[in-house]
Amino acid sequence: MVDEILKLKKEKGYIILAHNYQIPELQDIADFVGDSLQLARKAMELSEKKILFLGVDFMAELVKILNPDKKVIVPDRSATCPMANHLTPEIIREYREKFPDVPVVLYVNSTSECKALADVICTSANAVEVVKKLDSSVVIFGPDRNLGEYVAEKTGKKVITIPENGHCPVHQFNAESIDAVRKKYPDAKVIVHPESPKPVRDKADYVGSTGQMEKIPEKDPSRIFVIGTEIGMIHKLKKKFPDREFVPLEMAVCVNMKKNTLENTLHALQTESFEVILPKEVIEKAKKPILRMFELMG
C-alpha cells in the first residue's frame, strides 16, 4: 500500500504534508512532517500545485488560505479539532464589543471563520513572541485557556481568554504523572506542551511546541526525555534522535489526528478528494491576520 501511495503521489503531482501527531506510517511517507507553524511556512514555499494534507481540518484550511490557487485534499473530512470548535464568531464579536480597543489574538487552532475576525494569528511556537510585540498591555486570546495563561505568565500582559473553558482534551495531563515519571526516570528531562494545565507546566523542565521539542535534545545532552504531548510526537523524536530515549508522560491520543490512515490516504490520491474549499471572502479576511503573524516574527 505504501508503494502504491508513493507511486500515485508522483504520478498525480502531489506533495504530502503531515502533522507531528499523525500515525508513524503516515509520517514515514510524507514529504514534510512538522508542527502547524512549520507546515504553514512550508506550504508557502511549495512549487507543487497539489497538496495532500494529513492533519485536522483547521490545518488543511490554513494551507488553503495561504495557497488559494493550489488544490488541497484531505483523507477524512471529519478529522476536526474540538478545541477549535469551542470558539465561535459570535463569541469574538461579543468580546470585540466589550473591549473595542483590545487586539484579538487567535491561536492557529481555530476555525477559518474565526481567523477572519482576528487581528493576528499565533501558534504555540510563537504565541509569546507575537503577544510581546503587540503595542497593547491587554489582549483577547482564544481558544486555548492554558496557552493564554502561559502567554500572560511570559509577557506580563493581561490576557482575556475566550471562550472561558477552551482547552485541548489531549493535553489535560496530571501533575502527579510528572511526579511518577521522575521517580521512574530520575535523570530524565520533562518537556510539555503549553496547552498543558499550569500545575503540569510548572513541574516540567521545558515547555514548548512540538517544533520546539525537536530542538531541545540538540542542546540538552540528557539520555531520556519524557514528552507531554500527543503520542505521535514520540515517533518523530525517535527518528531524529535514535540514540536517545523518549517516553510519553501519559498515553495522550488525538482521535481526530488518528482518523487519517494508509487506506484513506490511498483513497484520497485515487479519487483526488476530499478537496478543501473555502469561500473567497473567508480566505481573503483570514489571510490578513496570518500574514500579520509572519510580519511580527520578522
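Cβ coordinates come from backbone N, Cα and C, glycine included.
A quick note: this is a predicted structure, and the numbers were derived from the prediction, not measured.
These features come from Swiss-Prot:
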- H19, S36, Y107, V108, N109, S124, H193, P194, E195, T210: iminosuccinate binding site (BINDING)
- C81, C168, C254: [4Fe-4S] cluster binding site (BINDING)
Q. Listed binding-site residues are H19, Y107, H193, E195; which of them have CA atoms within 10 A of the CA of C168 ([4Fe-4S] cluster binding site)?
A. E195
Q: Between H193 (iminosuccinate binding site) and C254 ([4Fe-4S] cluster binding site), find the distance joining the two CA atoms and give it rounded to the nearest Å.
A: 14
Q.
Of H19, Y107, N109, which is closest to C81 ([4Fe-4S] cluster binding site) if I measure between C-alpha atoms? They're all binding-site residues.
A. N109
Q: Can you grab the distance from C254 ([4Fe-4S] cluster binding site) over to Y107 (iminosuccinate binding site)? Cα atoms, rounded to a whole Å.
A: 18
Q: Could you tell me which three-state DSSP class C168 ([4Fe-4S] cluster binding site) falls into?
A: coil
**Q.** Same-chain residues at least 6 apart in sequence whose Cβ lies under 8 Å from N109 (iminosuccinate binding site)
**A.** S36, F58, C81, M83, A84, P143, D144, C168
Q: Rank the binding-site residues C81, C168 by the number of other Cβ atoms within 10 Å of each Cβ and report the first-ranked residue.
A: C168
Q) DSSP on Y107 (iminosuccinate binding site), three-state: which is it? A) strand
Q.
Around the C-beta of H193 (iminosuccinate binding site), how many further C-beta atoms are within 10 angstroms, looking at every protein chain?
A. 29
Q. Excluding C81, C168, C254, which residues of the same chain place their Cβ within 8 Å of the centroid of the Cβ atoms of the recorded [4Fe-4S] cluster site?
A. V56, P82, M83, A84, N109, P169, V170, H171, E230, N256, M257
Q: Only counting partners 6 or more residues apart, tell me which same-chain residues put their Cβ under 8 Å from the Cβ of Y107 (iminosuccinate binding site).
A: I121, C122, T123, S124, A127, F141, G142, P143, D144, L147
